[in-house]
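A.B. asks: Below you will find the structure I want to go over with you.
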Amino acid sequence: MRFMAGPAGSQSLGPLCFHSSPQALYTVLLIVLVMMSLVFGKFVPVNWEPPQPLPFPKYLRCYRCLLETKELGCLLGSDICLTPAGSSCITLHKKNSSGSDVMVSDCRSKEQMSDCSNTRTSPVSGFWIFSQYCFLDFCNDPQNRGLYTP
């Protein structure tokens with residue numbers, strides 16, 4: 001290894017071969033930023049494809065109870081039923097003028113939805129039937145029923 005003697009050997013290249021201190025500061029700042037992004041940053045690839053729509057559920061899940069009152073809850077057949085997409089959940093209210101309200105909750109297919117939100121008289125004298133449909137999972141269960149009441 002040879003050493004240079006004379007004026008060329010004593011001449012310093014300066015801090016990292018920079019000719020001015022602002023250039024050195026910018027370079028140090030750039031190095032710090034790159035190091036911080038490598039240490040703390042995460043590489044997230046860019047997806048240029050349009051987002052795919054969420055898959056439509058195959059079945060609607062509904063609450064099923066064959067005999068229910070507000071005071072006592074479900075008395076007969078508490079269960080879950082599945083119905084194809086496009087169908088609905090239903091709650092039938094059988095009421096009379098004294099305030100009695102007996103309910104039946106179930107699934108209803110598209111073909112059976114002709115009486116949607118319909119009030120009609122019952123075969124039992126003094127009672128009428130009100131049907132209430134909804135189209136979200138478990139929208140007819142007792143906790144959610146009030147949220148979907150028109």
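The count begins at 1 with the first shown residue.
Including glycine, each Cβ sits where the backbone N, Cα and C put it.
It should be emphasised that the depicted structure is a prediction, and the values quoted were computed from it without experimental measurement.
According to Swiss-Prot, the protein has these features:
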SIGNAL    1-41  signal peptide
DOMAIN    60-150  domain 'UPAR/Ly6'
DISULFID  Cys62-Cys89  disulfide bond
DISULFID  Cys65-Cys74  disulfide bond
DISULFID  Cys81-Cys107  disulfide bond
CARBOHYD  Asn96  N-linked glycosylation site
DISULFID  Cys134-Cys139  disulfide bond
A.B. asks: Please list the DSSP helix, strand and coil residue counts for the domain 'UPAR/Ly6' (60-150).
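C.D. replies: Each residue of the domain 'UPAR/Ly6' (60-150) counted once, the result is 10 helix, 48 strand, 33 coil.
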A.B. asks: Given the recorded positions Cys62, Cys65, Cys74, Cys89, Asn96, Cys107, tell me which ones have a C-alpha lying within 10 Å of the C-alpha of Cys139 (disulfide bond).
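C.D. replies: So the list reads Cys62, Cys89.
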A.B. asks: Please work out which residue of Cys65, Cys81, Cys89, Cys134, Cys139 has the most C-beta neighbours within 10 angstroms of its C-beta, and give that one of the disulfide-bonded residues.
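C.D. replies: Neighbour-count leader: Cys89.
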A.B. asks: Just give me the nearest neighbour of Cys89 (disulfide bond) among the recorded positions Cys65, Asn96, Cys134, Cα to Cα.
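C.D. replies: It is Cys134, whose Cα lies nearest.
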A.B. asks: Around the Cβ of Cys107 (disulfide bond), how many other Cβ atoms lie within 10 Å? Please give the count over every shown protein chain.
C.D. replies: 21
A.B. asks: Long-range neighbours only, meaning 6 or more apart in sequence with Cβ under 8 Å: which ones does the residue listed as 'N-linked glycosylation site' have?
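C.D. replies: Within the chain, the residue listed as 'N-linked glycosylation site' has Cβ neighbours under 8 Å at Gly126, Phe127, Trp128.
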A.B. asks: To the nearest whole angstrom, what is the C-alpha distance linking Cys134 (disulfide bond) and Cys62 (disulfide bond)?
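C.D. replies: Per the Cα atoms, Cys134 (disulfide bond) and Cys62 (disulfide bond) stand 9 Å apart.
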A.B. asks: Of the disulfide-bonded residues listed here (Cys62, Cys65, Cys74), which is spatially closest to Cys107 (disulfide bond) when Cα positions are compared?
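C.D. replies: Closest by Cα distance to Cys107 (disulfide bond) among the disulfide-bonded residues Cys62, Cys65, Cys74: Cys62.
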A.B. asks: At the level of the C-alpha atoms, what whole-angstrom distance separates Cys65 (disulfide bond) and Cys81 (disulfide bond)?
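C.D. replies: Distance between the two Cα atoms comes out at 10 Å.
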A.B. asks: Comparing the disulfide-bonded residues Cys62, Cys74, which residue's C-beta has the most other C-beta atoms within 10 angstroms in this structure?
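C.D. replies: Its Cβ has the most other Cβ atoms within 10 Å: Cys62.
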A.B. asks: Quick check for the class: what is the C-alpha distance, in angstrom and rounded, between Cys81 (disulfide bond) and Cys74 (disulfide bond)?
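C.D. replies: Here the two Cα atoms are 15 Å apart.
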A.B. asks: Using C-alpha atoms only, work out the spacing between Cys62 (disulfide bond) and Cys74 (disulfide bond) and round it to an integer in Å.
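C.D. replies: Checking the Cα atoms of Cys62 (disulfide bond) and Cys74 (disulfide bond) gives a distance of 14 Å.
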